[in-house]
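Okay, structure first, notes after.
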Amino acid sequence: MHDANIRVAIAGAGGRMGRQLIQAALALEGVQLGAALEREGSSLLGSDAGELAGAGKTGVTVQSSLDAIKDDFDVFIDFTRPEGTLNHLAFCRQHGKGMVIGTTGFDEAGKQAIRDAAADIAIVFAANFSVGVNVMLKLLEKAAKVMGDYTDIEIIEAHHRHKVDAPSGTALAMGEAIAHALDKDLKDCAVYSREGHTGERVPGTIGFATVRAGDIVGEHTAMFADIGERLEITHKASSRMTFANGAVRSALWLSGKENGLFDMRDVLDLNNL
């Protein structure tokens, strides 16, 4: 990677998240917007990426071909859909480009493809790039070690009506953080739906509840409930810019790293807390 500004490419440049990623890339010192990508046939192809994001003219035009931009970026930032991200991953692996992946909804094969690619390129892969959410994950680990053995643990998340996967990647990351602190595997203790005559709550499980409504950017709560008291740890996002800023910050952090799989805890050095 270059010693000068890190050049980033933004996938899905015309989407809500893509436009904010462009804004964040233009605002962060040490980062340069190198390329912007949209799907073939998009009416936005040829547009100036900065103008598209409401940030003024940049001279970077929106393209549809990875080959056309391969010399214009060092790190590829992708918040699209799993199938598209995996195609971009293969290209970046082939050409030695770093990646920041904020896409959610991968199946196990997709996650394994990311792990495999990290042998050759540097990747930051996180369910949520918000600083606050990642601090919350650390707090959940601490709370679970103290209270997890005797409380009922529930995770409640809410997002806008357009979100296509449930539970959210962040909710799953919360469950994984709690399960890991309790020396459990989430797949063995998660309860994702309750309907009809369910019987009493099974001790040691982690329940999930999902809300999809309106324009909610993202709200997540973990509840540790006992008889007589409960602890709730909540994060609420009011703007996607918090995710965009974290993603671009992650791209800058990848500077000088040749390979490896990282997450926001690495970027923020939370593992040493």
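Keep in mind that glycine also has a Cβ here, set from the backbone N, Cα and C atoms.
The shown structure was predicted, so the numbers you read here are calculated from the model rather than taken from an experiment.
Annotation comment: Swiss-Prot describes HIS159 as active site, proton donor/acceptor. Under 8 Å, Cβ to Cβ, and six or more positions away along its own chain, HIS159 (active site, proton donor/acceptor) finds SER168, VAL211, ARG212, ILE216, VAL217, GLY218, GLU219.
Per Swiss-Prot, the feature active site, proton donor maps to LYS163. The DSSP secondary structure for LYS163 (active site, proton donor) is coil. The Cβ of LYS163 (active site, proton donor) has 16 other Cβ atoms within 10 Å, all protein chains considered.
What Swiss-Prot records for GLY12, ALA13, GLY14, GLY15, ARG16, MET17, GLU38, GLY102, THR103, THR104, ALA126, ALA127, ASN128, PHE129 is NAD(+) binding site, and it gives sequence analysis as the kind of evidence. A sphere of 10 angstroms centred on the C-beta of GLY12 (NAD(+) binding site) encloses 23 other C-beta atoms. In the three-state DSSP scheme, GLY12 (NAD(+) binding site) is classed as coil.
Marked as NADP(+) binding site by Swiss-Prot: ARG39. Same-chain residues at least 6 positions away in sequence with a Cβ under 8 Å from that of ARG39 (NADP(+) binding site) are, in sequence order, SER64.
The Cβ of HIS160 ((S)-2,3,4,5-tetrahydrodipicolinate binding site) has ARG212, ALA213, GLY214, ASP215, ILE216, VAL217 as same-chain neighbours under 8 Å, each 6 or more residues away in sequence. According to Swiss-Prot, the feature (S)-2,3,4,5-tetrahydrodipicolinate binding site maps to HIS160, GLY169, THR170.
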Between GLY169 ((S)-2,3,4,5-tetrahydrodipicolinate binding site) and GLY12 (NAD(+) binding site), how far is it from one CA atom to the other, in Å?
19
At 10 angstroms around each C-beta, which of the binding-site residues GLY14, GLU38, THR103, GLY169 has the fewest other C-beta atoms nearby?
GLY169
